[in-house]
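Notes for the one structure printed next.
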Amino acid sequence: MIKRQTTINRIFKITGIGLHSGRNVTLEFLPRREAGIAFIANGCMIPARYDHVADTRLSTQIASENASISTIEHLMAAFYFAGVTNCLVYIDGPEIPILDGSAWEFYHEMWRAGVYEFPDSGVYLKVLKPVEARNNDAWIRVKPLNTLDITMSIDFREPVGKQKKRVTDVENAFSIINSRTFGFLEELEAIQRAGLAKGASLDNAVAIGEDSIVNPDGLRYKKELVNHKILDCIGDLYTSGYRLLGKVEAFKTGHYLNNLLLREIFSSPDNYAIY
Ligand SMILES: [Zn+2]
């Protein structure tokens, strides 16, 4: 468990294609003294924070007046797992590279760069009261707890069906980091007709066909899909600007509800403490 603010120990770059544009994007990671993760796009700084989240339909997108960046959630989860609280990321395109569809390469490069610790606290967001966000039959809630504990449930059409997973030691849950994003073939066709997901392939996503997984090597874990929902949730909750402490339970949650939960938490100073 990290105690103090941290940053990366050296500069590094990562290049890959964007899931939606299909075009190459390069990220340059720089150490940062100030608290938090922030992006620089088009010469404009965008904090990777819940109150800058502008769109949650296909991914978590942050925006300012002159620029937007999509699909930040896997990168944010990598920062969480690598124990990095402060970093500046220069980006030369509109979305974070999809890489293998998980947080693995981001995490690995951060781990290779190493972490530098500052003396400052202000790392944890401790939930003091139960807080919930709902949308139709989907929900996510958090209750006070001294660690981060996540129970995620999903309910999709077969062959995925209902899956549930609880992770008690989230900081060391390595099977979450390399669990890949997934999609249903019929939805992919509709999204591609809308001019999106041009970069989608079996190299960066698990594709679910009529009655089986399409990828020739299958899944990395039996529960890879629910694992990935936990990865998304960790990345989205890290846009609080802090490492959340609480017992999180969710059913059919997504980027919209994950963001709404943070807005609910921050809506009253009675709900949380920072330390
Ligand atoms: Zn995802």
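Using the three backbone atoms N, Cα and C, a Cβ is placed for every residue, glycine included.
A TrEMBL annotation is a machine prediction, not a hand-curated record.
For the Zn(2+) site that TrEMBL gives as His228, Asp232, the extra residue drawn from His52, His74 is His74.
Taking the C-alpha positions, the distance from His74 (Zn(2+) binding site) to His255 (active site, proton donor) comes to 12 Å.
Between the candidate recorded positions, His228, His255, the densest Cβ environment within 10 Å is the one around His228.
Cα of His255 (active site, proton donor) to Cα of Asp232 (Zn(2+) binding site): a span of 8 Å. The most densely surrounded of the binding-site residues His74, Asp232, judged by C-beta neighbours within 10 angstroms, is His74. In sequence order, Glu73, Ala77, Ser102, Ala103, Ser179, Thr181, Lys229, Ile230, Leu231, Gly235 are the residues of the same chain, not among His74, His228, Asp232, whose CB sits within 8 A of the CB centroid for the Zn(2+) site.
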